[in-house]
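First the structure, in the form of structure tokens, and then the observations on it.
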Amino acid sequence: MESFENLSIRDSFTSGMEHVDEELGGLSDLSISKQGPTLSPQLINRFMPHFPSSPSPLRNTLDFSAAKADEEEDDRMEIDEVDDTSFEEEYNNEPIETHTEATENAVVEEIEATPEERQKQEKNESQDQSVEEVENIVSPHRSTVIKALLSPTDLGVAAATKVEGVVPLPPSANQDDNESSNNNAEGEDIIRNEEVEDEIKSSLGNHKSSQYANAFDSEIIKRELRSRSKYQPIQVSFNTHNYFYSDKDGIKTYSLTKPNHNKIDEFYDQNEAFKLPKPWSPNSHPASRASYALMSYLQLFLNAITTVVIFSFILSFIIALQKDLKSTWEQRKHELQYESRICQEQYLTNRCNQTPGLPALGEQCAIWKQCMDRNNDIFFRARSTLSAKLFGDIINSFIDPLNWKTLFVIFCGVITWCFSSNFLLGFVRAKSYYGNGIKTYPLPSSPKSPTSEETHSSMTASGEDSHLLKQ
């Protein structure tokens, strides 16, 4: 007990404890924002691949390699302010607090003060509607259009008609499942759009919502995203699709063309979307049978007349060329025979056939004898050079009086006549065949229950009425 009484708090036994006090003092001076040894981004990315030096452009502040000495960040966590309006109040059409109404009224005042923005919004809406109408029409691929351009009749039919309907895809086992999933997704989108539209009507009134509904697209999207973030996270994903094709043998071929999911080209080729039936065909059911038959036979007659005229002109040119070649060959043959007779006369006149001939005419007599004894048929058989020369002379004699400009005008006139006549007659035939200018392909009927048909029709009707939140 006496030893315990001699003890005190300020005991002199401090051997081995000085470094503990220093460590405790150093720990008390630590903070989250205290600078440590800076590391290079290569080491950080190598040893901590799950936590890169610059994770994303939205988090560039987390730069561990370039921290400044004079920056000291606060340790407190930033908490977003929570909106007072709950999810139930927004979707149960209950009155919302006054601060949201004040902001919306301020937006209305700004829109009323800027009429130019209204015109821009109306133009954008009209453009969106036109784009949607064009997307609803089944359009062919470039190759099909190029094939149609080569035929003026098909081009006229394409200009006079538009093909509507959905391309019938090959039957698959998962077709019913895909239809049910698509109907469910469309139903959810339609219900969500209707709820947001009712919310606008309840907050602004029917007359204001009908007038400024299109101007509140951004506000509606913000409120929708804000309400959605309360019960589910909002994610943005970028998908890159790599399409790989394989032929019938299973060999992979990598093509740069876009995949034809709807098989539009095959559909157009099989159904002959730009072809009109013959008027005498049993499959021909025109809207106006008399006008369709008249235009069809008129086109056939004009094409026959044009073909006969063109081929008769070409045939007459070929016949005239053959006659000219034959006459030229005969003339050349007569010239060779005449030269041989002249050589024979000179040879006999100068007595080259006698044994004591004249010494001064020895060389000339040899030339006359060679010319007299030659075979003219052998020289006449080599007619390729003569034919080419004659053909060039005929072309020059044909072009020189007419000139190149005249020939070009004649050629362009013939091409214009053939193209324009077939294009116009194809256009008129399509109008007389289809009447309204719309060609439809009905889909093969699939067995469906009446309840599913009713729900699908109600969803489509409500989808046409609701035009909000086009994402």
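Cβ atoms are placed via backbone N, Cα and C, with glycine included.
Here Swiss-Prot flags 70-92 as compositional bias 'Acidic residues'. Here Swiss-Prot flags 115-126 as compositional bias 'Basic and acidic residues'. Residues annotated as compositional bias 'Polar residues' in Swiss-Prot: 172-185. Residues or ranges marked as region 'Disordered' in Swiss-Prot: 66-135, 167-192, 444-471. The annotation topological domain 'Cytoplasmic' is assigned in Swiss-Prot to 1-299, 429-471. Swiss-Prot lists 321-407 with the feature topological domain 'Perinuclear space', giving sequence analysis as the kind of evidence. As annotated by Swiss-Prot, transmembrane segment applies to 300-320, 408-428.
Here the transmembrane segment (300-320) has long-range neighbours at 414, 417-418, 421-422, 425, meaning same-chain residues at least 6 beyond its ends whose C-beta is under 8 angstroms from one of its own. For the topological domain 'Perinuclear space' (321-407), DSSP puts the residue distribution at 73 helix, 0 strand, 14 coil. Residue counts for the compositional bias 'Basic and acidic residues' (115-126) under DSSP (helix as H, G, I; strand as E, B; rest coil) come to 12 helix, 0 strand, 0 coil.
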